[in-house]
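Feature annotations, courtesy of TrEMBL:
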- 26-47: transmembrane segment (TRANSMEM)
- 53-73: transmembrane segment (TRANSMEM)
- 93-117: transmembrane segment (TRANSMEM)
- 129-147: transmembrane segment (TRANSMEM)
- 229-250: transmembrane segment (TRANSMEM)
- 270-295: transmembrane segment (TRANSMEM)
- 307-334: transmembrane segment (TRANSMEM)
- 354-376: transmembrane segment (TRANSMEM)
- 508-530: transmembrane segment (TRANSMEM)
- 542-563: transmembrane segment (TRANSMEM)
């Protein structure tokens, strides 16, 4: 009987599972083809130029534009239908974040258009078409995510799976292209710096993709070429955020959700002053360190060593504070007895997987540095600071991941609206008395004044005085009521004490989340804008070899950069939820 009852659902779900597998394989093949084109261009493969890669990316973006327009048109025609929504997906703060990155990406596209105009004599037309197409793609995609990030698609599911997964891997390829372009620029600067540190035995061959013609306006060309690389970090974050939001949309296709009221958790600055102050101090000092680092590194051997030492000491101090804050938060969680929310949630599951997966990039670099310090024959003084720095990077990410994942899985405390405190002011014999109704009175029913009675905390002192002419019977009743009042007062005091302890714990957790949020933003800035000691200290290149270590850094660094931004976003959510 169970088999017969279950057969329709099995028959109905099998084609959808098949479509999910087929669409994922389509996306992977799409991505691998683009990845090979990108790699071929990077290594100057014969017969493959940048125009081939850009043509492929333009084609993918145009296909996605067609799909998004079709989906939007179909949604408008079915506006009256009630659609299921995933309340956990596409949070407003996440949409605002991706919009900010998209605006900076549009500025980057305008710089690329200006760069193409100045070098139009020797550049392929695809290099002018690409930024225009990318700008249109960015505008429409952000609009699409604002309108449909929470959708749970229940019609044309097979077709929509292919459309959404195409969009996911298109953004991943655009992210890969941005990472590679920015990494090649950083690598060229790194090669030039190595000479100043005394590593002259490393062959310096610049990987130059510059146009082979003169610029029409030298000043503008310099502004465009330099500005492009400072804007790439925001473009990279934009595409990875877009791909994650689209992936959640893909996972939600055909999903059946439980209809329950989602509690809104707006962000509030109240109660997080301490965390914000310490976090802003870290952010300000980090920006100052990055500016000094970029100015000093590569000038001379002494200045480069001082810049590296300054960076390591600052990072060690910040990471130690973050480890301490994370451990304190985990200890507070151990003292609480609150159940975890294990309901199915694609957005939350993806967040946890991204935290652990992208942290592996930093762990790989840290273990490489630790091994290099142990195995190296010569140790310049500044390289010893790399050891505690690398160890703290591993520990800090480990602790922070535990804190974030447990925070997003903890069930929110449900505050009963019936339990309130009423402040009653009454005038008796010329005195103003402030009386508070017991929370039990309100919880169990109407408060005393709703029943025509005066709410009394100490009935013997006030109510007894008003009923003083009733005789001995009234005195006995007053005595019994006094005993009852004392017990209620003790119970109320115990309740408010527990509530006070809970509020203090919550306040500490909110301050820790705010502090870690700003610290992660601070630690995102150095590698995103070219402050990368993994490149500049030179010790790893000697132990592992120049090219092998550069390959490791170029593969791991994008994940390390993304980890910081994703952690900041997750901690913002934790702060709202706590």
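Any Cβ shown, glycine's included, is placed from N, Cα and C.
Automatic, uncurated: that is what TrEMBL annotation is.
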Ranked first among 26-47, 53-73, 270-295, 354-376 for CB pairs under 8 angstroms with the transmembrane segment (542-563): 354-376
Maximum Cβ pairs under 8 Å to the transmembrane segment (53-73) - stretch from the list 93-117, 129-147, 270-295, 508-530: 129-147
Residue numbers, six or more beyond the limits of the transmembrane segment (229-250), whose CB comes under 8 Å of its CB atoms: 23, 86, 89-90, 94, 97-98, 101-102, 104-105, 107-108, 111, 138, 141, 145, 148-149, 151, 153, 161, 164-165, 167-169, 171-172, 174-175, 178-179, 181-182, 185, 346-347, 350, 354, 528-529, 558, 561-562, 565
